[in-house]
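S.K.: Dropping a structure here in structure tokens format, bear with me for questions.
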Amino acid sequence: MAGVSGCLKYSMFIFNFLFWLCGIVILAIAIWVRVSKDGQEILSPGDSSTNPYVSVNILIAVGSVIMILGFLGCCGAVKESRCMLLLFFIGLLLILLLQVAAGILGATFKSESERILNETLYENVKLLEAADNDAKAFQKALAEFQEEFKCCGLVNGPADWGNNFQQNSKSCACPGPSDSSCTLYDGIYVYKQPCISLIKDVVAKHILIVIGIAFGLAVIEILGLVFSMVLYCQIGNK
């Protein structure tokens, strides 16, 4: 029994050490995304009352909690502390239940999320014709997106730019009339596809990545629950 318990104890320690490192990685990536300004203006609504980084803030909180739980699990395994193991088990179970609840809510309100994204993008069309600082930040972000994904305008094509088209036309300029994806607008050949569908594709890919990470975390969390409860019971039987 002692050999099995010792093996389980160190397995639990290694598992929780990796779990702790996972929390650090999640926290670091979330903070980097939060402070980075690259492309954040594209999905920001025209007014500043809505925070487009709610999900990133939640990810920062999740990373912090995972770090704390990983530490509790490591200490509980090494010191064979039933109290720490129980706290680890309860905390991990709560996170797992929250993930399940978030997944159910996400599936339930999927159409609502798509509607909000559509409204945000259509609302931001007005920023392409404006000249204030917020509009310029959005225009710069969209110009970079246009250059990378070979599109022009947000919803209606190059016409979305209004009087600002000439100064931003370089970012959506295309080879010429020989390319079927090009169109002539205001004397310049540009890509005729608006960027809205490409932005939606990028968002969809990111959502799939988040779902994959959440599923992987759920598997790890279930393993952690099993490890901690078995070790908790074995310590109690000594």
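Glycine too: its Cβ is placed from the backbone N, Cα and C atoms.
A quick note: this is a predicted structure, and the numbers were derived from the prediction, not measured.
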S.K.: From the disulfide entries in TrEMBL, identify which of Cys152, Cys174, Cys182 pairs with Cys172.
M.R.: Cys152
S.K.: In the same chain, who gets a Cβ under 8 Å from the transmembrane segment (12-33) while lying at least 6 residues past its ends?
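M.R.: Hits for the transmembrane segment (12-33): 53, 56, 59-60, 62-74, 76-78, 88, 217, 220, 223-224, 227-228, 231.
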S.K.: Using a Cβ cut-off of under 8 Å, list the residues of the same chain at least 6 residues beyond the transmembrane segment (85-109) that approach it.
M.R.: 16, 62, 65-66, 68-69, 72-73, 76-77, 211, 214, 217-218, 221-222, 224-225, 228-229, 231-232, 235
S.K.: Note down the number of other Cβ atoms within 10 Å of the Cβ of Cys172 (disulfide bond), including every protein chain shown.
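M.R.: Taking every protein chain into account, the count is 29.
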S.K.: For Cys152 (disulfide bond), just count the other CB atoms lying within 10 A of its CB, please.
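M.R.: Taking every protein chain into account, the count is 29.
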